[in-house]
Amino acid sequence: MKKRYLLLALAAVALVLLILGLCLWLPSNSKPHNHVYPRAAVAADALRCSEIGRDTLRDGGSAVDAAIAALLCVGLMNAHSMGIGGGLFLTIYNSTTRKAEIINAREVAPRLASASMFNSSEQSEEGGLSVAVPGEIRGYELAHQRHGRLPWARLFQPSIELASQGFPVGKGLAAALERSQDAIKRHPALCEVFCRNGNVLREGDLVTMPRLAKTYETLAVEGAQAFYNGSLTAQIVKDIQEAGGIVTAEDLNNYRAELIEQPLRISLGDAQLYAPNAPLSGPVLALILNILKGYNFSRASVETPEQKGLTYHRIVEAFRFAYAKRTLLGDPKFVNVTEVVRNMSSEFFADQLRARISDTTTHPDSYYEPEFYTPDDAGTAHLSVVSDDGSAVSATSTINLYFGSKVRSRISGILFNDEMDDFSSPNITNQFGVRPSPANFITPGKQPLSSMCPVIIVGEDGQVRMVVGASGGTQITTSTALAIIHSLWFGYDVKRAVEEPRLHNQLLPNTTTLEKGIDQAVAAALKTRHHYIQDASTFIGVVQAIVRTPSGWAAASDSRKGGEPAGY
């Protein structure tokens with residue numbers, strides 16, 4: 001009998017060991033529980049797009065190839081945020097040369113544009129007049145020419161299939177459709193895609209984009225030239241002008257993406273942060289971090305309610321000082337912002353501002369010395385990529401407000417931006433009585449100020465430490481800053497760094513907005529220090545980040561928009 005029990009026990013042990021062995025060693029298609037990938041990772045704001053980026057890397061593509069393929073997908077699955085009718089910035093790091101560069105494919109004002117062309121914000125937010133010259137495809141082209149490995153057409157194929165066959169409406173698109181349903185229903189060309197039986201689509205409903213699939217096919221075969229000086233150009237111009245716009249064929253013919261080989265760079269301890277300069281918000285992010293690094297934040301800075309409350313008060317005060325200086329920025333090709341940028345990226349200047357932060361109280365907005373105001377921007381999508389060889393791409397793309405100008409071509413399927421709304425107008429003074437910023441007034445060929453700041457952080461060993469960026473209009477810069485602070489200084493893992501409830505203050509309005517779920521000790525500490533507190537109506541920003549860990553690349557796509565990363 002004892003022998004029988006012994007044999008049964010041995011058999012049971014063997015079975016357990018076999019099961020454990022199978023779990024540990026057999027190949028699995030399931031996603032890693034913690035999204036840590038040994039070789040490469042893609043974090044987009046839609047899972048299918050992360051997977052398309054991952055598959056591109058697996059097929060031998062570069063980080064840039066993966067970014068382009070994933071962005072083409074995001075332009076479908078989160079069409080309310082970005083697409084080929086918009087523009088983007090890419091921050092690219094080459095692990096072989098150990099050099100970072102920026103590709104600027106932001107939209108520009110048409111040649112017929114003028115500083116006084118808008119008498120109301122409605123004109124700049126919706127309709128053909130709000131459309132700036134798109135740059136997205138020229139940006140892809142330049143990035144691919146410099147860093148592509150796979151054929152250009154290969155990058156379009158997964159999204160052509162997706163647009164043709166259809167895909168379920170995701171969390172982010174569903175929320176945007178619900179929020180914008182009145183505008184969608186007002187525009188038959190939008191309702192053609194995003195409505196069913198007179199109502200906007202809901203999460204899980206199937207959406208197809210056959211006309212945009214055809215346009216993707218044309219671009220795949222004919223290249224970017226088809227958009228700017230080829231078979232698509234006349235129809236693009238016709239669509240915009242019939243909606244009241246002023247974009248011409250000459251505007252499209254003359255558009256070029258710009259290579260910037262000297263990105264804005266600041267030191268974060270033994271690491272270097274690379275980000276775009278003006279007219280993007282790299283200088284704003286630099287000033288925030290330079291002010292705060294003087295406090296030597298660490299995990300101990302958030303260990304007790306008292307410490308955490310003081311720490312977040314200091315963070316908000318840094319936001320306020322940085323946004324006051326943001327109003328001086330503009331397109332450096334048209335306005336001289338050299339001294340402004342030099343100050344905003346200077347540790348000495350940051351030290352002076354830090355000395356003005358009181359640990360016991362906030363101050364009226366005039367204390368921070370805003371000289372002008374700049375309009376809020378909105379929308380956007382961000383993705384982060386790290387490839388097998390350690391190269392990285394941080395890309396932020398936008399059509400500005402949800403569904404851009406609301407002008408969608410019923411021929412090409414392209415949804416056009418309303419980027420002209422990102423300029424300041426001399427005819428529109430904001431509700432706080434602060435004058436609009438002349439540095440951001442409209443001039444033909446000029447790019448408007450933007451909150452976008454795609455970031456790559458590199459260690460002194462030349463290896464990427466973090467790839468991060470955000471979407472969410474004026475909340476982009478603060479959301480990106482918080483993700484960096486959470487990860488690098490507080491020691492949070494990347495998922496917590498991205499998911500931690502956020503707060504935002506852009507000085508005007510003089511309000512500190514808090515996300516639901518934020519630590520009540522923080523809210524109480526801010527109230528004690530006389531901050532005017534307001535609960536966020538939805539959420540603050542959407543962040544995608546990848547961080548190097550001893551186990552591999554830890555990736556996080558923000559659940560606020562329903563994204564999920566992929567890798568291998």
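Placed from the backbone N, Cα and C atoms, the Cβ positions cover glycine too.
Taken straight from Swiss-Prot:
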- 1-4: topological domain 'Cytoplasmic' (TOPO_DOM)
- 5-26: transmembrane segment (TRANSMEM)
- 27-568: topological domain 'Extracellular' (TOPO_DOM)
- N94: N-linked glycosylation site (CARBOHYD)
- R106, T398, I399, N400, E419, D422, S450, S451, G473: L-glutamate binding site (BINDING)
- N119: N-linked glycosylation site (CARBOHYD)
- N229: N-linked glycosylation site (CARBOHYD)
- N296: N-linked glycosylation site (CARBOHYD)
- N336: N-linked glycosylation site (CARBOHYD)
- N343: N-linked glycosylation site (CARBOHYD)
- N427: N-linked glycosylation site (CARBOHYD)
- N510: N-linked glycosylation site (CARBOHYD)
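Taken over all pairs of the listed L-glutamate-binding residues (R106, T398, I399, N400, E419, D422, S450, S451, G473), the Cα spread reaches a maximum of 15 Å, rounded to the nearest whole number. DSSP assigns N94 (N-linked glycosylation site) to a strand in the three-state reduction. The Cβ of I399 (L-glutamate binding site) has S81, M82, G83, G85, G86, G379, S405, L415, F416, N417, D418, E419 as same-chain neighbours under 8 Å, each 6 or more residues away in sequence. Here the recorded positions are N94, N229, N296, N336, S450, and the one ringed by the most other CB atoms within 10 angstroms is S450. Each residue contributes its Cα atom, and for N510 (N-linked glycosylation site) and G473 (L-glutamate binding site) those atoms are 17 Å apart. Summarised as a single figure, the pLDDT of the topological domain 'Cytoplasmic' (1-4) averages 48. The two recorded residues N229 (N-linked glycosylation site) and R106 (L-glutamate binding site) have their Cα atoms spaced 18 Å from each other. The two recorded residues, N296 (N-linked glycosylation site) and G473 (L-glutamate binding site), show a Cα separation of 29 Å. Geometry remark: N94 (N-linked glycosylation site) versus G473 (L-glutamate binding site), CA distance 28 Å. Comparing Cα positions, R106 (L-glutamate binding site) lies closest to N336 out of the glycosylation sites N119, N336, N343, N427. Rounded to a whole number, the distance between the Cα atoms of N336 (N-linked glycosylation site) and N343 (N-linked glycosylation site) is 13 Å. DSSP assigns S450 (L-glutamate binding site) to coil in the three-state reduction, outside any helix or strand. The number of other CB atoms found within 10 A of the CB of R106 (L-glutamate binding site), across every protein chain shown, is 28. When the recorded positions N336, N427, S450, G473 are ranked by how far their Cα is from the Cα of N119 (N-linked glycosylation site), N427 comes first.
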